[in-house]
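As structure tokens, the structure follows; a few thoughts come after it.
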Amino acid sequence: MNDLRYPIGQFTYKRPITEEMIDTWIQEIEDLPNELTKAIKDLDQKQLDTPYRVGGWTVRQVVHHVVDSHMNSYIRFKLALTEKNPTIKPYKEEKWAELPDSKLPVDVSLVMLDSLHKRWVNLLYSLEIEDLEKTFNHPETGETKLAVAIGLYAWHGRHHTAHITSLRKRLNW
């Protein structure tokens, strides 16, 4: 049986990371607002409030989570570019998904995601090779190079989009 938590598998990448990989990942980050918008197109309120799996988040919560996560990532990139290996602040994503703003219409987060990604992608395309080696420190997962973080967040967007598209396929929406 497929693991509904990881419809595209867990994040992995080939080493060494190449410029082509970075370019592909940045393009995936750039495409995410459109891909996520397409994934929820024509879903009604009941469908948006359907969990993608038993015990999982609703489609609505997934959309809001993507924005929460990518806002945090954008800030982590800016910190890593302006400080030496900064320790970033983790957050309790499962608790954030329960806050009242996670019940707002998904359009609110889609607009935010589009604007955020325009800024983030602009920043990513401006990076020099040496910038990709810069790091941030996560108190739980350790040091992460920006090159790896680009891949991780490209995967993250595809991962959550696949939660929605695989749910649609399973339920014939």
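Including glycine, each Cβ sits where the backbone N, Cα and C put it.
Predicted, not measured: the structure shown is a model, and the values here were computed from it.
The feature Zn(2+) binding site is assigned by Swiss-Prot to His65, His156, His160.
Apart from His65, His156, His160, the residues listed for Zn(2+), the same chain places the Cβ atoms of Val62, Val66, Ser69, His70, Gly157, His159, His163 within 8 Å of the centroid of those Cβ atoms.
Of all the binding-site residues listed here (His65, His160), the one with the fewest other CB atoms within 10 A of its own CB is His65. Here the Cβ of His156 (Zn(2+) binding site) has 20 other Cβ atoms within 10 Å, regardless of which shown protein chain they belong to. DSSP classifies His156 (Zn(2+) binding site) as helix under the three-state reduction.
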